[in-house]
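Below is one structure, written out as structure tokens; comments come after it.
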């Protein structure tokens, strides 16, 4: 393990240029403490510069990294950073880096990097490894065992760059690509790709050369055949032979024409079947479309134009609606302003009239409220008269009761939340298991589909190979027979002893020349009979070969045909039986296709309905939340509360305000009557000197009269009326605010009852969609299996046709053999009978001449036969070699198909196991959810009960506080207002509000109409498109019916059978002509000069053609194999990169989750993770390339969101620290070093403590491994206390400024912090 030991800093930033400062790094913890600006971060900058050679941000120019020369009064300052470290194998190194800052005459500063060094210390010996800067950067990274990207972004991350995990996507991708060293592996793949492309170009050249060499090889073979043919030609029979050849060519052309005509009729038959299937499909599509569309009478062109213009129409309607909505909002603002003015005027109208009466009424109301509240909340001792002291005591007691209820509710909510969290965790665990099973199931399904595609490709390649075991056996049988014929021909040539016989006959010929003519005629006749017998032998041989070929074919494909047709199948009925089975399989494939298409259509409809339901649910949820916020805002404004009350209290609050307003208005009416009454008392006392109530005389009782007048004067004041009017205005304003949102409250209540039912519908549609997906997957599987079987049967179809053709050929050959036997059995006169009519001499002459001719011809024939058989043997050997190669390739393909089928079965078993696991998990999840709902309802009931008690007490306290404050305010208010001006203003405002409301109602009607048109647009658009599709299908159906009728009228089957029969007849005639030509060619002699010319040409140009072709063919095949190997190698590297990346990301995210959950103290984020999204790009020359896009996301429950732009500054700091710790854990296997610079920035006290405890746990866990070097740089000594640093180190380093304001490093005891 590598580690750093000491760091020396000289002339860097605030460190002086004359005396170096040194710091030693300990294991497992090194602490660096200092106030802001003391130079702590410079330590990290120097470590990073020493290891990577990179300067801090914004310090690459103008010498910002070097000590300012002006501070020391010098023109030049040299900075030096030395780092002592040990490599991964324990070697001791010292890296030194030097940098210079020079101030020139024009005060321009020049920064220059000087030569550094890497020193190896080994047993007292000091060896300089390198002094070049570029080599230093590479060597230090290698010796530490850490890539430069990890040193830069993880281990020695600068404070300015510490939040890089929260940077924008492009910068984040660049960081992670450097960390994963993606460019190295990308370059490897690119090199392999270029090499593969180069080999592909070479393959093209080799294939062209192969074609040329093959042509030369075929040309050489052709020359061989021509040379063999020339040896058998006879000049006397050339014209006749040419005539026969011409006749044969004419017959071949006729046969070819017949087969081509038959194939054209066969194509018509296939077209008829294809069009019939398409017609059935079109009919089904027409019925399905007709069931769901509303037919439109407009022409197609009008519908297409309407469809094209639909988007413009909708945009125009939306713009019109938005314009009217803007007008509505403007009117609404004007109406709100008018209402506010009206409310203010109405409040001012009655305020001064109700002050005094309200004051007295509120005194009575307060006593009544206290008695009622005491009785309601069981507070004893408040049934009698109440004075101010007892009222104050009551307020204190009820406030204490309210505080107790609040604490009780908080405790209950905390306990309930803990219970719900435990049950939610159970559900989350099972849901996680379910998602894992679903992912496994999807992977297995994808594997099945992939294997199916591979099998289809392999099956297509297999179908292209016409060679089978039967063909090989047939070729080997031909070779064996040909070898026997060669040996027999050679034996006949040796055993004949023809030279001696010819010599003996030549001695007799001169004696018997007179008898040669008659003997020659007899020989011609005998030769004709011999020809007939030879033709009979040829036909018997052909018949035997075709029977043997039929036997080989039936034995080879017996297993496949037995599987399809049963064990008792016969070649005679094979074509009809196989055609029936093939048609049944085609019908089965069609049925599976129809079912799959129907289910797919049903799935599309289900997805459309589910999407609509979800959109509606989201829309209604947003509307409900908006209504709830509006109602809560109005309640908060009406009561002037700090926080919004529950929306369910709206009706209670509205009824309370209405009741209070009625009471205030009643008090105002009573106030006027009381004022009249007190005016009468005052008038009587002044006029008649008597009390109006008791009729007491005030003569000689001036004191009593004065007291009465003073009391009446107080009653006649306007203060109480003023308070009543203010109360009236306040209640009216509150009621206006609450009544303005009554519609939204009703909407909220309605949506609260509708949304659960809509959620259940969404769940039902979701389950239906999942059922349809599973059904469609099963139907896809059944369709692929049936289609694969159909392809296998179609592959066998050519063998069926070949067996059928062999049966017909055998039948025709048997008939020809029978006719030849009849011709050869015709009786002719024998040689003895001829000799009886001739003289003995003539007969002997003819016999000798015939014998000489026969011996000569036999000698030449045997030579030609041996040569011809040798040529045929070479050709047959090449055919056998090619057949063996193709059979081996075919065997490899069949084995590959078998492996793919086995893999498919394993994947199907995995899908079945996943389905069983899902069926088991669904009831468990449902049970857990039911338990959670039941617990939630029970908890909610308990909380509601305590909350109701708290709210009742809170309402009492609120009402008492309100009435007490109003009573106190009455003592400070006074002064009437003018009513007339207020009434005129109110009338004008009411007229204005009525006009505005009318305009708003008209705009609302128009906007609703436009919204309805927009909502119905999608359905209309889809209906128009379906109408066009429906009409197109009708036209195509009519066209197909006409085409089918035309094809059926052509009677293609009868013409096909007739043409095949005529072709067989022509083949028989051609066979006869061929037999005649072969007989004549056997009599031809070889032209020696032509033979020599061909032989010279062969020796000069074509002698090595076969070897050259073989060499080129080997190069082509080896190059193909190399290209395939390069492709597999490239795929293997790509797969290894994917696996490595997935493994590392999983390890990093696991570490991040553990650190976050043990550190973060908030409840808004459960965990964070790094997401790497794979993006594949395809190009024509480089294939598919993968890129990774990274982002940091936060998770709460089942919700995942991007963290960038959504989290606080403290969460950014904490997340960045945790991500760096996780990256160091994963990528620093050879170096347990990491530095944290001011890790507590922007963190609150709870998270600071938690981070300290987590770091303590990490150090403790890694301490035993001996490879951890954690460097913590901070100004927060409380944070170090929480870390309990004394467990890991005895001292720390303090960075501070000396008297010259230079930074110095001082070593101090850890007890300075912990005490």
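Backbone N, Cα and C atoms are what each Cβ position is placed from, and that goes for glycine too.
Sequence annotations record features per position, and here Swiss-Prot assigns ATP binding site to 13, 36, 37, 39, 40, 41, 42, 64, 66, 68, 159. Taking Cβ-Cβ distances under 8 Å and a sequence separation of 6 or more, the neighbours of residue 40 (ATP binding site) in its chain are 32, 33, 34, 1237, 1238, 1273, 1274, 1275, 1295.
Residue 41 (Mg(2+) binding site) carries a helical DSSP state (H, G or I). Here Swiss-Prot flags 41, 159 as Mg(2+) binding site, drawing on experimental evidence.
Model confidence over the coiled coil (220-261) is summarised by a mean pLDDT of 72. Feature annotation from Swiss-Prot assigns coiled coil to 220-261 (among others); the stated evidence is sequence analysis.
The feature coiled coil is assigned by Swiss-Prot to 321-429 (among others).
The region 'Disordered' annotation in Swiss-Prot covers 336-359.
The annotation coiled coil is assigned in Swiss-Prot to 472-553 (among others) on the grounds of sequence analysis.
What Swiss-Prot lists as coiled coil is 589-674 (among others), and the listing cites sequence analysis.
Per Swiss-Prot, the feature domain 'Zinc-hook' maps to 644-743; the stated evidence is sequence analysis.
Sequence annotations record features per position, and here Swiss-Prot assigns Zn(2+) binding site to 691, 694 based on experimental evidence.
Residues annotated as domain 'DH' in Swiss-Prot, with sequence analysis given as evidence: 722-928.
Residues or ranges marked as coiled coil by Swiss-Prot: 748-952 (among others).
Positions annotated as coiled coil by Swiss-Prot, on the basis of sequence analysis: 979-1115 (among others).
Of all the binding-site residues in the list 13, 66, 159, the shortest Cα-Cα distance to residue 41 (Mg(2+) binding site) is found for 159. In sequence order, the list of same-chain residues 6 or more apart from residue 37 (ATP binding site) whose Cβ falls under 8 Å from its Cβ is empty.
Non-local neighbourhood of residue 159 (ATP binding site): 41, 44, 1237, 1238, each in the same chain, at least six residues away, with C-beta under 8 Å from its C-beta.
Non-local neighbourhood of residue 66 (ATP binding site): 11, 12, 13, 77, 79, 99, 100, 101, 111, each in the same chain, at least six residues away, with C-beta under 8 Å from its C-beta. Across the residues the record lists as binding ATP (13, 36, 37, 39, 40, 41, 42, 64, 66, 68, 159), the two Cα atoms farthest apart are 22 Å from each other. Sequence-distant contacts of residue 42 (ATP binding site), defined by Cβ-Cβ distance under 8 angstroms and a gap of at least six in the same chain, are 9, 12, 13, 14, 15, 1303.
The secondary structure of residue 159 (ATP binding site), as reduced to three states from DSSP, is helical.
Using a 10 Å radius centred on the Cβ of residue 41 (Mg(2+) binding site) and all shown protein chains, the other Cβ atoms total 21.
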